[in-house]
């Protein structure tokens, strides 16, 4: 099913305060009759709130990479050196915790609000980091990493919701890209902090302690940030929603923002949505798009590249430390470019182009897996991986987490994001679990060709099913989608 958005859906929209006045113009004009409000709200008001929210993504990136360098030291100190199963569990048990954290993130965000959900997600991250830093046993390390995983699963979906709901339409794509940039910075910072681990005894404990600091700072700072006006409005706290809009957008834009919320509410039946209702009825199509996008994102092989790139680089004679730095730079560079282009080219073009570019890059890796090519195989393998990471960071990485909260109606946004992120973590887990076994049984050329094919399917899916949301308000997107059903 393909949806088209009407660009004139909000020429006139009544607010809750003047619901019976069909001639109320929005956006509101300045008191002197000027068009000060018509230019759109300033991005400066909402930026500090968005920056606090992206700390969750920084922590996500940090915990993703924190055990890469110190793993040998951890296994030696805790007595499981040489036990590949135990080492694999230390790395991957976060994925299991993240899956369960995701399942509850929607209910938590809807039940206690976005700000309290951030604070709740910081709690297991702090506790898990402290436990991992203090433990003297494998069991303690695994439990600490599991707690961290729960926080990792709970926090990022809430961050995507919050950033989407507090951002002005004109910069929502740019702000959404900050999530990916923060993740890249977290990964790079974890590599930097882990550098002395081979020279300083038990430095790995410091690596875990460091992660507790930003989690604690976020839990404190979010107390001074705005709550999501959409959540407050959905809870019937209209006056508080107006106050938060004034804090985020400025007083000239409060009436127009509340009018749009009122407009979208009249398209709803007002009843809460159960998880089971996401799988049928009028919400099924947008949920299908969301879950499929996240599944294709992981089936592209991106996390297999992140987790096992060091093995690939070593097999062609490239030091793993150099490989990690190069991949981090490629990931960060692409994310910055995506941030600059998100609100200019739009989500759909970046996402489709990213999948096509990833298919091409993975194809280079498949060709490079042929060792009969001699030195050319080294350049194709290394170049293919770096291009693949760059292509991912241009669209397939940042866009789904931004696009899906935009197309999900307010009443299902939190639960639908929880479901989609659970699919993300589930597919991530199985791809990572089976990658080395499939690599051994099928060979790199067949496996990389399969990943490349998944990227082509992703590009076609985006072209056929994904809508463009650039520059639209959340309420305009919601009403327009409902009108097409």
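The backbone N, Cα and C atoms fix where each Cβ goes, glycine too.
According to TrEMBL, the region 'Disordered' annotation covers 16-42. Residues annotated as domain 'Major facilitator superfamily (MFS) profile' in TrEMBL: 49-470. Under the heading transmembrane segment, TrEMBL lists 85-105, 117-136, 142-163, 175-197, 284-309, 321-342, 349-367, 379-404, 416-439, 445-462.
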Contact set, same chain, for the transmembrane segment (321-342): CB under 8 Å, 6 or more residues outside the stretch | 68, 173-174, 176-178, 180-181, 183-185, 187-188, 191, 306, 309-310, 313, 350, 382, 385-387, 389-395, 397-399, 402, 470
Considering the transmembrane segment (416-439), which listed stretch of 142-163, 175-197, 284-309, 349-367, 445-462 counts the most C-beta pairs under 8 Å = 284-309
What else in the chain is close to the transmembrane segment (117-136), if you only count residues 6 or more beyond its ends and a Cβ gap under 8 Å?
-> 53, 56, 59, 63, 78, 101, 105, 108-109, 143-152, 154-155, 158-159, 162, 205-206, 208-209, 211-212, 215-216, 218-219, 222-223
Cβ pairs under 8 Å with the transmembrane segment (142-163): which stretch of 85-105, 175-197, 284-309, 349-367, 445-462 has the most?
-> 85-105
Considering only Cβ pairs under 8 Å, which range in 85-105, 284-309, 349-367, 379-404, 445-462 makes the most contacts with the transmembrane segment (175-197)?
-> 379-404
For the transmembrane segment (379-404) against the transmembrane segment (284-309), do we get 3 or more Cβ-Cβ pairs below 8 Å once near-sequence pairs (under 6 apart) are dropped?
-> yes
If one takes Cβ-Cβ under 8 Å and requires six or more residues beyond its ends, the residues near the transmembrane segment (85-105) are 63-64, 67, 71, 74-75, 117, 121, 124, 138, 141-142, 145-155, 157-158, 307, 414, 417-418, 421-422, 424-426, 428-429, 432-433
